[in-house]
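Structure record follows, encoded as structure tokens.
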There are 2 protein chains.
Amino acid sequence: MPISFAPPGDKAALEEGLAFTPKFDRDGLINVVAVGAAHGEVLMVAHMNAQSLARTLETGEAWYWSRSRQALWRKGETSGQLQRVVEMRTDCDQDALVIRVEVGGDGGCCHTGRHSCFYRVVAATDGSSVRLAADA
Amino acid sequence: MPISFAPPGDKAALEEGLAFTPKFDRDGLINVVAVGAAHGEVLMVAHMNAQSLARTLETGEAWYWSRSRQALWRKGETSGQLQRVVEMRTDCDQDALVIRVEVGGDGGCCHTGRHSCFYRVVAATDGSSVRLAADA
């Protein structure tokens, strides 16, 4: 039977219940944080819609929704950097997900070639503007 | 001089530049992932607007934007669970932030009393529906 998601219940059900009723936003999306399974470092932040979330649960591989392409996005399909989901968690109000992933291919995640998308630190203010510092 | 944010530049500037030009969504918000400074575990996912982001950078404490209350939200103001920001990172397209925080008070984060908001694992499908499992 294909996976489907019931609409969110009341506050008590959302916070303390054991039914997974993800709260999609008005675009039908939920925030997803992918962390590396080995060390727990944050790799990327992306979105899923109900279809990609169901497919992720069915296949054990991360499928996102690409907002720029408005299309289902099997992460790593072209790069080989597939993400095998070893754990998925949801938060108190079920409007965000954290997935722990084992990354295929060369183990990278970011389309720029870095291991993680978060390769720059917000470093210092310079007058009224703010500078970034890249990882070595 | 108060901190302000220039509008995002082109793809190259966003991805490889060292100017921090956060990309706010159509509600003026950016996704923020708070992780514990000591172990890097994901504590919560929330949002900042330009004002709360500037205040976070100015004070070194996490200020969010509460979508439910439509108000600036100094995290921990009533609970004592203030978040001291020891590092802020942005991602390739500068539309998400990760902050490493040291938590004050009893060290918790979630309004339900848990250490982290992600206290439930998306566990198993039961027919077409999906069940959660709570941490012990």
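Residue numbering: from 1, along the chain as shown.
A Cβ is built for glycine as well, from the same backbone N, Cα and C atoms used for every other residue.
Unlike curated records, TrEMBL annotations are generated automatically.
Note: A:Asp95 (Mg(2+) binding site) has non-local neighbours A:Pro22, A:Lys23, A:Asp25, A:Ile30, A:Asn31, i.e. same-chain residues 6+ apart with C-beta under 8 A of its own C-beta. Residues or ranges marked as Mg(2+) binding site by TrEMBL: A:Asp91, A:Asp93, A:Asp95.
Positions annotated as Zn(2+) binding site by TrEMBL: A:Cys92, A:Cys110, A:Cys117. When secondary structure is read from DSSP and collapsed to three states, A:Cys92 (Zn(2+) binding site) falls in the coil class. Around the Cβ of A:Cys92 (Zn(2+) binding site), the same chain contributes A:Leu14, A:Glu15, each under 8 angstroms and 6 or more positions distant in sequence.
When averaged over the domain 'Phosphoribosyl-AMP cyclohydrolase' (A:44-119), pLDDT in the model lands at 97. The domain 'Phosphoribosyl-AMP cyclohydrolase' feature in TrEMBL is assigned to A:44-119.
Here the binding-site residues are A:Cys110, A:Cys117; the one with the fewest Cβ atoms within 10 Å of its Cβ is A:Cys110. For the binding-site residues A:Asp91, A:Asp93, counting C-beta atoms within 10 A of each C-beta gives the highest total at A:Asp91. Put simply, A:Asp91 (Mg(2+) binding site) is 25 Å from A:Cys110 (Zn(2+) binding site) when counted between their Cα atoms.
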